[in-house]
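> Quick one: this structure, given as structure tokens, is what I'll be asking you about.
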């Protein structure tokens, strides 16, 4: 009896599963830093206050000045790295190119993982992304086309991280997911400091090198079969065997595609994802550029200020989840009411902040407060439509979450490209149009979800029982 209970509950601390979850957290952290690194580096890469050369080519100012003035410090030389004449439209295409790669490889990566194994796919994706990050400064010297190609391939490599978790590691999913928020905070906070002290290429060199170290750790510590791991204990081995047996015993289900396409509650979720990721992608991608151009601060301060919203985002995610659980546990509100309430707040509040931004641009403090509130209040959606697939179709939640993420990626592609086009016309009116358009998209998503959103299991998602006579 005791042996049976011990296999149900594996070792909780200092176990192999904790080590695996930490490595996955580190890999997720690394990939996010490599994805967001261009957002902070591009401020220095296209700094219009420095000398300009040919389009999409580096200027020769720093080298020439150093030759003519030998007393010039090496620090000044490093900080004035190559500068490129990339228009805002071009920047928008560069930013969105990584999403093209992710969405193209989203489905094939799962198929390839079944052939080669999750360890090889995740490790290869991380290695390719890290090497391409190291190569990015050199690619920029060759031209913008090569940068777009590299970012697209990097997105294809990073799509491998969206693989399903085995049962024995799913309990540590929050530790893995936290790597994304932590990575975004670190790269924006530290990236500006690195660029000012060493030059923007070192942002890619440092975080690309960290990715290579993580790859070495990944292929050394992670095993395809945990049963063959040299550090696994007997107790944990029994627990994993029992978990895998439970996972493999679950029957395969056919996906009712036609019923899903006709299901308005699902389309309400997809629309919510599209609206939510539209504004979130703009904030993640263009926040350092906006702070630098509107508040006229240097790249160091821009990076530090850009990292603050991610603290608010993480805090609101935790507080929103606690509040939603409180309302449900005390039976104060129905489940569908909670989902619509938090979805509405997560779409309405950031829209109000975004619309107010152009009118308070002259106030430094107010602008920063609103920029912090946008991603913070947006994450209230995590207790709304973000997890609504678990309510309407729990049997197909993983599949539907993948589809929802695809809608979010499409929104990111469109919003990044549209933002680059709008701010290229005129900086002041362009940013105003960007925020007004984002608010309109959010409002459409909010009203659509309020109208058609549900929290009951749909008929096509229910377990069908056969009655034998």
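The chain as shown is numbered from 1 upward.
Yeah, the Cβs are placed from backbone N, Cα and C, and that goes for glycine too.
These came from TrEMBL, pasted as-is:
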type	residues	note
DOMAIN	41-457	domain 'Major facilitator superfamily (MFS) profile'
TRANSMEM	98-118	transmembrane segment
TRANSMEM	124-153	transmembrane segment
TRANSMEM	165-194	transmembrane segment
TRANSMEM	200-223	transmembrane segment
TRANSMEM	263-287	transmembrane segment
TRANSMEM	307-329	transmembrane segment
TRANSMEM	341-361	transmembrane segment
TRANSMEM	367-387	transmembrane segment
TRANSMEM	399-423	transmembrane segment
TRANSMEM	435-452	transmembrane segment
> Compute the average pLDDT of the predicted model within the domain 'Major facilitator superfamily (MFS) profile' (41-457).
82
> Do at least three CB pairs under 8 A connect the transmembrane segment (341-361) and the transmembrane segment (399-423), leaving out pairs fewer than 6 apart in sequence?
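Contact criterion not met.
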> Six or more residues out from either end of the transmembrane segment (341-361), which same-chain residues have a Cβ under 8 Å from its Cβ atoms?
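That would be 272, 275-276, 279, 294, 320, 324, 333, 367, 370-371, 373-375, 377-385, 428, 431-432, 435-436, 438-439, 442-443, 445-446, 449-450, 453.
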> Go through 98-118, 124-153, 263-287, 307-329 and flag the stretch with the largest number of C-beta pairs under 8 Å relative to the transmembrane segment (435-452).
263-287
